[in-house]
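*Asks:* One structure, as structure tokens, below. Some questions next.
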Amino acid sequence: MQALYAQLLVGLINGSFYALLSLGLAVIFGMLNIINFAHGALYMMGAFVAYFLLSLGGINYWWALLLAPVIVGIFGMILERTMLQWLTGLDHLYGLLLTFGIALIVQGVFQNYFGSSGLPYAIPDQLKGGLNLGFMFLPVYRAWVVIFSLVVCIATWFLIEKTRLGAYLRAATENPTLVRAFGINVPRMITLTYGLGVGLAALAGVLSAPINQVRPLMGADLIIVVFAVVVIGGMGSIMGSIITGFALGVIEGLTKYFYPEASNTVVFVLMVLVLLVKPTGLTGRAA
Amino acid sequence: MTALTDDTLPVTPRAMRDEMVVFVVMALLLASVPFTGVYPFFVMQALCFALLACAFNLLIGYGGLLSFGHAMFLGTAGYCSAHALKVWALPPELGIPVGIAAAFVLSLITGYISIRRQGIYFSMITLALSQLLYFIYLQAPFTHGEDGIQGIPQGRMFGVFDLSKPTVLYYVVLVGFLAGFLLIYRIINSPFGEVLKAIRENEPRAISLGYRTDQYKFLAFVLSGTLAGFAGALKVFVAQNASLTDVHWSMSGEVVLMTLVGGLGTIFGPVVGAFAIIAMQQYLASFGQWVTVIQGSIFVICVLTFRRGVIGEIAHYFRRSL
């Protein structure tokens, strides 16, 4: 039973990353009509920024949790201003190709300097150790990742669905021209949205640094799984992305316990099943 | 949906004559390669990728569907042909059809699943499906995991042509490439191809004219996947191995890059793009991961400034379709 609970916890952690990443993809797709292939590379950058802050500047985990998303978010906004904005009005696929190119560049540069092996990132002192819950041993850091991700996801949902800023954002997703006519600076909102989505990816990167090590290709395979998550959940609903992300992480964890051979593929197999039964995805609108 | 190419010039007899002239020039140039001292292995490899890119282009350039998983057809056909040649000890003329048949079956299944979603979702689904196959091949015993299938015997085609001789192999690969290319050319200019272009330009209108667009897209997907499998089967004889690299997502990305550089929706573009990218990889092999960075940069530059690609720009300048 111990092993089952342990795999469930791993599943919840992976689910946190799926949720944070697919949330960012959904927010970006809503505003920019672009599937951000660079999302995995920016997630990796988040982990690396945390690593640099600690090893070069002596800045600890807690500051990295705040600074890395901001730094990578600014990098993202620069990308949006210099490149992505020129794709408005073109076919969707150009956005995918451009961000794929950006992902190759970022990953290639990091691979050149850091190879493919992982760099260690220590768990902060306050989150070391574990709790004995009787039925299992719960490492504090892992519990922290799940709870903190959940809080960030809910906060993002609240920001978009319940605040005035979120209302502008949703309105601009529906009809940018009309929202502009009301005197709202839509291009700036688009830039900020991209920064927000990218920041969420970087945050996931910082959270994963102590667990998965910091590797140049850490986001490359992850992003493909997240694409499958997005296909399953659909990008129409914020809450849908969050729930699908966590649920698929848990299912993956269960598979690792019951049938480990399929743990790499279970999300893709589920995607196929969902497409066969309900082609529009679980929460999705037709697209 | 905005058009991928702005060159929707009508197919006139004159345009077709021009294309055939270019084709004959290309065929003669390629046929003279063994007499020029150019390293034939490089050209053979490029020809396999050129066929793959042409097959990919059939789907995106004429069907408007961006597949981000075409490596799965290349790799599947490669593995199955390699297995047939090495383990079953089949001759080349039977080993190649085994690979093609495998790619055909795979494209039936993946096409049935992925064609259910449009646009950007289609790309993500094909990518996820190819990743699914990647993990299956990583674990399946017959692929030998990380090692791949190595030391594949090239054999004698029809008992006559000794494929272990580079010149013989070169002409067999060339004939295969030219046959595949002509088949794609024929498909593009058939009534089926015309309907496909109509769907790409304006799907709702094609539906209102009574076309079952899903069936046309499905058929285009199967044709494209099967032809990509042909490229994979040929590649086995050139590389003499079948490995996980051929199923990896980065391979799918390279195919997209070749076609983008040459020109989406152009007839000769994918060939030019494949030669350019393979040549670049050859010359820059010593630069390690910078090759990835350069490839990424080419993607960015092409999308931002050069969306028609090399052949697309030339065709646009001369107001021809090429």
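Just so you know, glycine gets a Cβ as well, placed from its N, Cα and C.
Okay, so TrEMBL annotates it like this:
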TRANSMEM  B:20-42  transmembrane segment
TRANSMEM  B:49-74  transmembrane segment
TRANSMEM  B:94-113  transmembrane segment
TRANSMEM  B:120-137  transmembrane segment
TRANSMEM  B:168-188  transmembrane segment
TRANSMEM  B:218-237  transmembrane segment
TRANSMEM  B:257-280  transmembrane segment
TRANSMEM  B:287-306  transmembrane segment
*Asks:* Does the transmembrane segment (B:168-188) make contact with the transmembrane segment (B:20-42) through 3 or more Cβ pairs under 8 Å, each pair 6 or more apart in sequence?
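*Replies:* Judged by the Cβ rule, the two regions touch, with the required three close pairs present.
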*Asks:* Would you say the transmembrane segment (B:49-74) and the transmembrane segment (B:120-137) are in contact under the rule of three or more C-beta pairs closer than 8 Å, pairs 6 or more apart in sequence?
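*Replies:* Yes, these stretches are in contact.
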*Asks:* Mind checking which residues of the chain, 6+ beyond the ends of the transmembrane segment (B:49-74), have their Cβ under 8 Å from one of its Cβ atoms?
*Replies:* 1, 4-5, 103, 106-107, 110, 114, 122-124, 126-131, 133-134, 176-177, 180-181, 184, 187-188, 193, 196-197, 199-200, 216-217, 220-221, 223-232, 234-235, 246-249, 251-256, 258-259, 262, 264-266, 269-271, 273-275, 277-278
*Asks:* Under 8 Å for C-beta pairs, could you tell me which stretch among B:20-42, B:94-113, B:287-306 has the largest tally with the transmembrane segment (B:218-237)?
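*Replies:* It is B:94-113, which has the most Cβ pairs under 8 Å.
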*Asks:* Which residues of the same chain, at least 6 past either end of the transmembrane segment (B:94-113), have a Cβ under 8 Å from a Cβ in it?
*Replies:* 69, 72-73, 76-81, 83-85, 125-126, 129, 133, 155, 176, 218, 221-222, 224-226, 228-230, 232-234, 236
